[in-house]
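Novice: Before we start, here is the structure in question, set down as C-alpha cells.
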C-alpha cells in the first residue's frame, strides 16, 4: 500500500525518526525477531503520486524578526524553524510496521487496526509543521451591534444577546414564559417556563420581580403554583398549574413564602419557606439563591470577556463564541497559544473607509487543520444562556468560591470537545487551508431544553412532542446558514464537515442534507440488525420522522463516522486508587454488571423494549439479585454479579472485576467508559452497534464481543480465555484508558482556575500529570489518518503543504 519517494524534514526530525525506528525495532523484536535491513527497503519503487511536493510558496510572507521592520512584519516570538527537506530511503510501511497476532499495530501505546496503525506509526509520528496564513479580522458591524451583541469581525455580522435580534441587535424580542391563557388554563398550556410572577422576556425566565425584597430570586416551575396533597397514601404531591400560590409573595413568616424570605432568618428556622422553590438557574447559589457565582460559558470566555448567564460578552477587540478570536484591535501579546508563534504583515494603510484592514499572521502548524464555524448563537451560546436548570448540557458549574464543580452529565462530552477544539493548536482561522470544518451545534442543550419555553416548543414536531424532530430542525437550520454564508460546503459536498450528535441515538435523526459529513456520536448503530429507533422513550423516537426530512440513512457509517467516549465526571479518587492498573489477582469478580435490568426487578424500567431486551436477557441467565418473583438467574454463579442494586462504591466494584458488561440503555450507555477507566475488560453485547473508536482501534486486543444470540453462552465464552489472553487484554486496557478521558478539557479548566483564583484544586494537579493521549489527541489522530486515506480525498488534489513524507500522501491511482 505504501512506498516512500523521499522525506521532507529537518535534520532534527531525521534524528527523531532514527530514535523512533530504533525504539519500534526493539519493540517488534519481541514478537518478530527478524527485521529487514534498510537495504531491503531500497528495492521498492514509488507507488504514490504526491498531492503537492512544491517546496516553494508564492504566498509565503514569513520572515524573521521580533519587532516591526521596514517590510512591515512583526512577530509574536523569535525566528521560525527551518522547514527544509532531506532525502530519505524508501520504506514500505507494511514491512516496517507488521501487525501482531491480533492483527493490530501499536502506535503511542494503543493497538490500532493494522492499516490505521501503520499509517499513524509511519506518518503521523513524522509530521512536520507547515506555514499557514491566519487572517485576523478587521470588519466592523453596523452600529457596533447597539451594545446588545458581539461583532464577528471575520464576517462583519452581529451575534446578538438573548432577547435581541436584527442586523444591529436593535430589535427587542418578547420571549414569553407562558402560552396564551384561557379560562380553564389562565397561564396557558404547561411549559417549563410557566410563570405566575415576573417574566424576563429577554430569556423567558421567571423571577419574583419588583415590589418584593428579592426581585431577582427565581420562581421556577412548581414554585409559584399551588401544591395539592397526594391523591393516595404514599403518592407524590401534585402541582396545580392553573392556580397561582400567592403565599410565595407573603411577608408573613408563619406562612410558606419565598420572594420576601430573608435567608438568615430561614437558615435559623425563624420563618417558614416553600420547599418546592429552589435555585435552578445558573449563576446563583444557596438555598435562597443569595450568592452570585460564575455562570458556565464556553471556555469561560478565554479571559477576554464576561460570562453573562452562558453567553460570552467579549472585550473590545475579541469575538467568537468563547472570545478566543482576536481582531486587528487586539494586542498581539494577548493572542491565544494556538496562534503563536506568528509573524504579522502590517499593511501601510491600516484603516480603509471605516473598516480596519485584515491582517495576515503567518503561523507554523501541524495538520490536520480544523476551521470552527462561528455560528449564530441560537445554536450554542443562547442555549446556554437561557437554561432553566443549571446542570443541563454542561460539564461543570461554579460554587460560592467560584471553584469548579464537575457534573456527571453524560452529555458533557459535547461541551468538552467543543472547548478543546477552540483552544487546539490544530485550529485555523484560514478556511482555505482547513482540512476539516467543525459545525458547533449543541444538540444536548436543544434536547434537554425542549419545551423550556414557548419559543423552544415541540408542538409543531410530529404529534406535538418529538425532541428528535426539533433537534433535526436545528441542524438543518445550521446547514442552511453555512451554505448561504460560507463557500466551503460545496467543495466536498460536506464530506470534510464534522457534526456532533451526543444524544441517546446519535445521528439517527440527522437531516438528509448533512449525511455526507462526518458524524461524531456515542451511538454507532449501523442499522444492520436494529434498523429502527431503539429508545424506549417516545419523545426521542425517530421512526415517525418522514424520509423527506431525514432521508433513509443509517444512524452510523463506520467508513466515515466516529464514536467518541461519553463524558465522565473527573474522579480524583479513581486516579489516586489507580483502578486502571489493578492486577489480575486482585480482581475477584469474574463478570460484573450493575444497572437497570428492566420490568422484572423492583424500580426497573417498565418498557420491554428498554435496552432492546439485552439487559433483561443477561439478567434472566445470570442475575445475582432476586427479581420480583424472588428468582436468581438460571445460570447464577458465585463469581458473577448482575444486579440492579446501586453499588456503594461502583468504581471499586468495577476495578475488582475481570470482565464488565457493556450493554445499551435508551441508546448508548456509559458502561464502556466505566469499564475501561477502571481497568476492566469490556464485554460488548449489542449487535451491529459500534463503541468508541471501534472502527479504528483493534478491539480484539482489549475487549470481547458477544452476539446477542449467544447470551446464554456468555460465561462459557469468557471462561474459555486462558490467563495469558486475559492478562494481554488487561494490559492493553491499562495502555488505552486515558483515551477515554477528556483530559484536555479538564486541564484547560484547571489553567483557567489558576488564572482567576491563583490556585488549582487537587483534581487539576492530578489531571495535569497525566501524559498519555486522551480523547482529543485520539480524535486528531483519526482525522489525520482520514485526511490521507479517505478515498474521496483523491478527488480534491489541493496544492497544499502537508508536512509528510511522500509515502504518507494519498495515492491517485
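Placed from the backbone N, Cα and C atoms, the Cβ positions cover glycine too.
Please treat TrEMBL annotations as automatic predictions, because they have not gone through curation.
The model shown is predicted, which means the values in this text are computed figures rather than measured ones.
Dumping what TrEMBL says about this protein:
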| type | residues | note |
| --- | --- | --- |
| DISULFID | 141-151 | disulfide bond |
| DISULFID | 160-169 | disulfide bond |
| DOMAIN | 137-170 | domain 'EGF-like' |
| TRANSMEM | 12-35 | transmembrane segment |
Novice: Looking at the disulfide-bonded residues 141, 151, 160, 169, which one has the fewest other Cβ atoms within 10 Å of its own Cβ?
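Specialist: Relative to the other disulfide-bonded residues in 141, 151, 160, 169, 141 has the fewest Cβ atoms within 10 Å.
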Novice: Sort the residues of the domain 'EGF-like' (137-170) into helix, strand and coil with DSSP and give the three counts.
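Specialist: Its residues divide into 6 helix, 11 strand, 17 coil.
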Novice: At the level of the C-alpha atoms, what whole-angstrom distance separates residue 160 (disulfide bond) and residue 141 (disulfide bond)?
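Specialist: On Cα coordinates alone, these residues lie 12 Å apart.
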Novice: Round to the nearest Å and give the CA-to-CA distance linking residue 141 (disulfide bond) with residue 169 (disulfide bond).
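Specialist: Distance (Cα to Cα, whole Å): 10 Å.
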Novice: Give me the CA-CA distance between residue 169 (disulfide bond) and residue 151 (disulfide bond), in Å, as a whole number.
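Specialist: Cα-Cα distance, residue 169 (disulfide bond) to residue 151 (disulfide bond): 10 Å.
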